[in-house]
Structures are given as C-alpha cells and as structure tokens.
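So that you can see what the record holds, here are the features copied from Swiss-Prot:
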- 1-99: domain 'Plastocyanin-like' (DOMAIN)
- HIS37, CYS84, HIS87, MET92: Cu cation binding site (BINDING)
Amino acid sequence: IEVLLGSDDGGLAFVPGNFSVSAGEKITFKNNAGFPHNVVFDEDEIPAGVDASKISMSEEDLLNGPGETYSVTLSEKGTYTFYCAPHQGAGMVGKVTVN
C-alpha cells in the first residue's frame, strides 16, 4: 500500500490516515506535497514487544521533496499509531492495523 504524506490540497495529513495491511505487506510512505515530513511510530501505541526505533524514521530524518519515500514492513499483528514529528501538533497522525 502507498500512503501519501500530505493531501493533494497541501493539508497536513496521511492519506489514507487509517488503513489495514496483511502481516508482512510493505507500506510505502510517499511525500506528496514537498513539505518536510517523516514517519515515527508511537512506542506506546504499537503491539507489545515491537521496537519502535526499528520501524520508525529518526525524528531528525525528513523526506524533504515530493516523491521521496520511506518503506516499512510490519510483521506483528495489531494496531500501530504513527505520526509526522514536525507536524504531530497539527494533527498529522495515522493508524495502521496489521491483520
């Protein structure tokens, strides 16, 4: 599945913001708007035993240009909340359920 970082109208959002994947399915986050974005999984909002640092971008790393991507594969079933570190305060948060 491809998830856009930033809506077509420049909104600070993940599109889609709430989605499901199968365990082992690749998720590609793609910068859509040209604002600097990243993908950080919330260590308190992921399945127990999953290391957030192994699936997240560093909070300092950014996808700066349109078309830049970050891919991750989640193998542990459950619900994962993620956010864009620079824009978390603006509500740029998403959720993926791994089945």
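Residue positions begin at 1 at the first shown residue.
Using N, Cα and C of the backbone, Cβ positions are placed for all residues, glycine too.
Positions of Swiss-Prot features highlighted on the structure.
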| residue | record | DSSP class |
| --- | --- | --- |
| HIS37 | Cu cation binding site | strand |
| CYS84 | Cu cation binding site | coil |
| MET92 | Cu cation binding site | coil |
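Between the candidate binding-site residues, CYS84, MET92, the densest Cβ environment within 10 Å is the one around CYS84.
The Cβ neighbour count for HIS87 (Cu cation binding site), using a 10 Å radius and every protein chain shown, is 19.
Cβ neighbours within 10 Å of HIS37 (Cu cation binding site), excluding its own Cβ and spanning all shown chains: 26. Within 8 Å of the Cβ centroid of the Cu cation site, not counting the listed residues HIS37, CYS84, HIS87, MET92, the chain contributes LEU5, GLY6, LEU12, PHE14, PHE35, ASN38, TYR83, ALA85, PRO86, GLN88, ALA90. Taking H, G and I as helix, E and B as strand and the rest as coil, DSSP gives the domain 'Plastocyanin-like' (1-99) the counts 10 helix, 37 strand, 52 coil.
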